[in-house]
């Protein structure tokens, strides 16, 4: 019996976003065993001869520029091209974006019931119900009818405008540029170059570096898009996919700017970004070595042929370039790659928006009108008290609200005059990874082996570790 046949059954027959049989050409890694043999031969000396090698340089450069180079337009804030495009679309459509969001939520909800996904397990039954609730909530906010607590600008409108619409727009638009990054050899090139670092530190393939950068500088939703695809085509096993999601899928640099502005920290932007980047990955290097991550089976996606990354012993630069040219040989036309990625992103967007709407509103209501998160904050009190952060009870409660929505802690401590506290909250908001208003439902819309319990445990561990590391750093800085 081969290895693929021994894998456990999938939690569903197909992905919510990408059918295994219909992945874009750009998404496929090294092929089957025979293809790996060919690749090995290539690495030993046979030189691939792809057409139009310039595609690697031009398309990769455009993709890198779109994701990673901030600039301003007509006096606007300096941000990346992707964010400029999404902002332009949002401003052009105006109120129409709310109607599009409502349509996406309706389509995503109907799909769950038509496909039968809602009855696959209890968690999906709950989220199917919440998706129906999301339709009602989104409709009420869109048309301005409903109770005052829902129409509170910091509740319903905040979730719809700042989360649902932003993520719903960002995923399909970003997926187009994503095709330029992953479809023409750049991922393979980077993967082999950083392989010696990624494997020993994070226990993931070198290719996961692209996921990490795409998430940190682009969007967690786009990093998740890459990870789910790589898991289902055999590039990652289950544990590796879980590590990438729980360790690298942070909120975007754009959202970090919003955090810094909210906390009046823009004068420290560069140091904040650098510290958040470093601490997030230090915490990731720790959590991959402890439960629950360390206990996730190293099984590949059922039906996918494993394509583990090859170890390179010769000239790494030459091997990486050969690998990139092999991908160029397999690459489809630009139009086909971009269309396939846009289709995938659009499908994922309608899958995650219902959960973002319903869970986001519920979480904000609990944080605003009930003591639930203050009670949950008890678990953080010893750490906060030990590090002598101001008002330990309030600070502990603020940390706990991050589980509902990563922006909540910042809103709760924005009025504080303690820069150490604000800096710590800003870093934790990035490093915590998981939150119920967006990230949790987005992960559940994939086949990556992370359930709600595992994500909550990982969230707690990440918050504690981040606070323990960040506070001493903040004390040195401020």
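Even glycines carry a Cβ here, placed using N, Cα and C.
Automatic, uncurated: that is what TrEMBL annotation is.
It should be emphasised that the depicted structure is a prediction, and the values quoted were computed from it without experimental measurement.
Residues or ranges marked as domain 'Nucleoside transporter/FeoB GTPase Gate' by TrEMBL: 164-263.
Long-range contacts of the transmembrane segment (52-73) within its own chain (CB-CB distance under 8 A, at least 6 residues past either end) are made by residues 79-82, 84, 174, 177-181, 183-186, 189, 213-214, 217-218, 253, 324-325, 328, 331, 334. The transmembrane segment annotation in TrEMBL covers 52-73 (among others).
Taken from TrEMBL, the feature transmembrane segment applies to 96-114 (among others). With a threshold of 8 Å between CB atoms, the same-chain residues lying at least 6 positions outside the transmembrane segment (96-114) that come near it are 16, 89-90, 124, 127-128, 131-132, 134-135, 138-139, 141-142, 160-161, 164-165, 168-169, 349-354, 357.
Sequence-remote contacts of a segment are chain residues at least 6 beyond its ends whose Cβ falls under 8 Å from one of its Cβ atoms, and for the transmembrane segment (126-151) they are 98-99, 101-102, 105-106, 108-109, 112-113, 117-118, 157, 159-160, 164, 353-359, 361-362, 365, 369, 441, 444. Positions annotated as transmembrane segment by TrEMBL: 126-151 (among others).
Among the features that TrEMBL reports, transmembrane segment is placed at 163-187 (among others).
What TrEMBL records for 208-226 (among others) is transmembrane segment.
The annotation transmembrane segment is assigned in TrEMBL to 241-259 (among others). Listed as Cβ neighbours of the transmembrane segment (241-259) (distance under 8 Å, sequence separation of 6 or more from its ends, same chain) are residues 70, 77, 79-80, 83, 202-204, 208, 211-212, 215-220, 223-224, 227-228, 230-231, 265-266, 269, 272-273, 276, 280-281, 283-284, 287-288, 293, 296, 406-407, 410, 426, 429-431, 433-434, 439, 443, 448-450, 454-455, 458, 462.
Among the features that TrEMBL reports, transmembrane segment is placed at 271-290 (among others).
Under 8 Å from some Cβ of the transmembrane segment (356-381) lie the Cβ atoms of residues 101, 105, 130-131, 133-134, 137-138, 149-150, 152, 154-156, 158-160, 163-164, 167, 392-393, 395-401, 403-405, 408, 435-438, 440-442, 460, 463-464, 467, all in the same chain and six or more residues away from its ends. Residues or ranges marked as transmembrane segment in TrEMBL: 356-381 (among others).
According to TrEMBL, the feature transmembrane segment maps to 393-414 (among others).
The transmembrane segment annotation in TrEMBL covers 420-444 (among others). When Cβ-Cβ distances below 8 Å are used as the criterion, the transmembrane segment (420-444) is approached by residues 123-124, 127, 159, 163, 167, 220-221, 224, 245-247, 249-251, 256, 259-260, 263-265, 268, 272, 275-276, 279-280, 283, 348, 352, 354-356, 359-360, 363-364, 389-390, 395, 398-399, 402-407, 409-410, 413-414, 450-452, 455-456, 458-459, 462-463, 466-467, 470-471, 474-475, 477-478 of the same chain, each at least six residues removed from its ends.
The transmembrane segment feature in TrEMBL is assigned to 456-477 (among others).
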Averaged pLDDT score, the domain 'Nucleoside transporter/FeoB GTPase Gate' (164-263): 82
